[in-house]
Amino acid sequence: MSISLLLHPLSPHIPPASSPSASAAGNHHRRILSLAETCSDMSQLKQLHAFTLRTTYPDEPATLFLYGKILQLSSSFSNVNYAFRVFDSIENHSSFMWNTLIRACAHDVSRKEEAFLLYRKMLERGESAPDKHTFPFVLKACAYIFGLSEGKQVHCQVVKHGFSGDVYVNNGLIHFYGSCGCLDLARKVFDEMPERSLVSWNSMIDALVRVGEYDSALQLFRKMQRSFEPDGYTMQSVLSACAGLGSLSLGTWSHAFLLRNCDVDVAMDVLIMNSLIDMYCKCGSLRMAGQVFQGMQKRDLASWNAMILGFATHGRAEEALDCFDRMVKEGKNVKPNSVTFVALLIACNHRGLVNKGRQYFDTMVRDYGIEPALEHYGCIIDLVARAGYITEAIDMVMSMPMKPDAVIWRSLLDACSKKGASVELSEEIARNIIGTKEDSQSSNGNCSGAYVLLSRVYASASRWNDVGIVRKLMSDHGIRKEPGCSSIEINGISHEFFAGDTSHPQTKQIYQQLKVIDDRLRSIGYLPDRSQAPLVDATNDGSKEYSLRLHSERLAIAFGLISLPPQTPIRIFKNLRVCSDCHEVTKLISKVFNTEIIVRDRVRFHHFKDGSCSCLDYW
């Protein structure tokens with residue numbers, strides 16, 4: 001029987017003078033509670049609330065329990081405003097009532113700050129003390145708003161009320177500190193826990209992944225397996241760590257683990273599948289990412305965004321734009337957001353599709369009402385500048401509603417160095433970078449990127465004296481060029497190489513292979529592009545050539561050739577953009593040694609095969 005039939009007509013109001021027996025009152029409260037269990041929407045809940053007000057005594061403990069249940073149901077139906085009205089109508093609030101409303105606010109994106117304010121009001125009124133259920137809700141809200149000061153105050157209250165040993169509360173603290181980037185405090189809470197649950201391990205692993213400590217996260221994952229079986233949340237963090245490290249072997253193992261050990265609902269969960277797409281894209285296997293995407297029974301916006309961005313970073317601009325068109329046509333209730341358009345602009349940028357990029361930028365604003373953020377301006381400015389429209393790019397910078405950051409200025413300077421802009425213009429742009437707060441933060445206290453780009457401008461203009469002056473300025477100010485570093489994974493083990501590295505146990509064999517590569521390339525007419533080593537003494541061409549042949553990716557490629565079976569794809573991950581000379585060399589190696597080479601540099605993937613690159617020499 002429905003609630004509406006039971007409550008209509010409403011039972012007569014029980015006058016206060018005619019107090020029913022305890023047994024009758026108990027039966028009546030139990031009847032209302034059973035009706036509450038069958039409530040399915042706000043309309044029924046409001047009828048139940050009215051029935052409770054008319055037929056119960058407000059001060060009875062059982063009635064207060066009913067009000068708590070009504071409060072909980074209104075929160076579960078996402079009607080937080082009604083929950084507040086119910087809460088405000090009650091004189092004496094239990095901890096359960098406070099917790100229910102705090103939790104409702106913590107789960108509502110627009111009310112996160114209210115969760116902490118409610119908690120503070122709870123302490124001020126002193127009606128009931130916070131318990132172990134209160135703190136996790138408040139900490140979750142503090143984590144969302146990055147309220148480090150507020151969260152630390154909550155931590156003090158945790159200690160004051162004697163909950164510093166509670167697993168549930170400590171899990172909330174780890175998540176809070178991890179979300180705020182305070183890894184040392186998160187680790188301290190974790191290490192001092194008297195006992196840990198699976199959630200404790202998951203929270204700590206996630207905290208490590210958030211700050212880019214991928215190796216540490218995977219080490220902790222291995223320790224966790226001694227005590228607990230990983231679940232879907234664990235594997236999401238592991239997949240993110242694999243993506244950050246570019247570890248395809250461990251990422252593939254994680255995928256197999258999910259299929260083998262988790263039930264179908266977990267293995268096919270949208271969040272898990274999105275993590276798999278992201279991992280495969282970032283590890284260089286676009287084919288596997290596509291298979292996961294195509295096999296998804298349900299997709300959300302993040303699924304489409306991950307696939308569009310995957311195509312974009314691999315230089316597959318046409319597929320990225322087609323994927324967007326499919327999303328718009330097929331994606332039910334899926335509307336593109338700012339992330340979608342960043343991915344589309346990146347796709348256009350990597351293929352030089354200037355007109356398409358302009359169209360998407362306009363569409364974003366005109367058709368979807370999305371206000372361009374710094375990332376969007378950065379993409380469109382880099383796109384038009386690298387295509388040679390430097391004046392247009394500068395006009396965009398001047399008309400931006402926000403202050404351009406050092407990244408935007410560097411992209412302009414990079415375009416100047418490649419498109420033969422005047423030295424005077426390049427110098428003016430460089431002055432906007434050097435010494436800025438943003439550049440100092442992004443370069444660990446130096447402006448090496450700006451100096452190196454400026455030196456390339458001078459080198460392109462054959463102004464070698466100015467190249468020397470730049471080098472001296474860097475030396476005088478203690479600024480060092482960021483060293484190139486490349487890694488390659490062989491049999492699940494990552495090997496790292498720096499430019500000119502001689503620390504690897506197989507250095508002798510690697511350098512022998514480099515000589516073989518040099519001899520083979522020279523036999524087909526290869527000549528090095530010495531302009532790509534402008535910080536090497538301009539008078540010493542031999543030093544320039546030697547510097548180029550010892551770039552980190554060449555060492556990694558040589559190691560791959562001697563370590564992997566013939567024709568096995570070689571996957572390289574590099575921290576800097578590939579220089580023109582190394583790009584040409586890698587194309588030739590792919591042809592001469594008949595092997596596919598996949599290189600992920602700072603901004604994109606290059607797929608080298610049969611003497612050509614997927615970027616079509618535009619990067």
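Using the three backbone atoms N, Cα and C, a Cβ is placed for every residue, glycine included.
If you look up TrEMBL, you'll see 94-129 (among others) marked as repeat 'PPR'. Long-range contacts of the repeat 'PPR' (94-129) within the same chain: residues 64, 67-68, 71-72, 75, 78, 80, 83-84, 87, 137-138, 140-142, 144-145, 147, 150, 154, 157, 161, each at least 6 residues beyond the stretch ends and with a Cβ under 8 Å from a Cβ of the stretch.
Regional average pLDDT for the repeat 'PPR' (197-227) in the model is 95. For 197-227 (among others), the entry in TrEMBL reads repeat 'PPR'.
Distant neighbours of the repeat 'PPR' (269-299): 232, 235-236, 239-240, 242-244, 246-248, 251-252, 254-255, 258, 306-307, 309-311, 313-314, 316, 331, 334, 571, 598, 600, 605; these residues of the same chain sit at least 6 beyond its ends, with a Cβ under 8 Å from one of its Cβ atoms. According to TrEMBL, the repeat 'PPR' annotation covers 269-299 (among others).
Look at TrEMBL and you will find 300-334 (among others) tagged as repeat 'PPR'.
What TrEMBL lists as domain 'DYW' is 525-619. Note: the domain 'DYW' (525-619) comprises 37 helix, 16 strand, 42 coil (DSSP; helix = H, G, I, strand = E, B).
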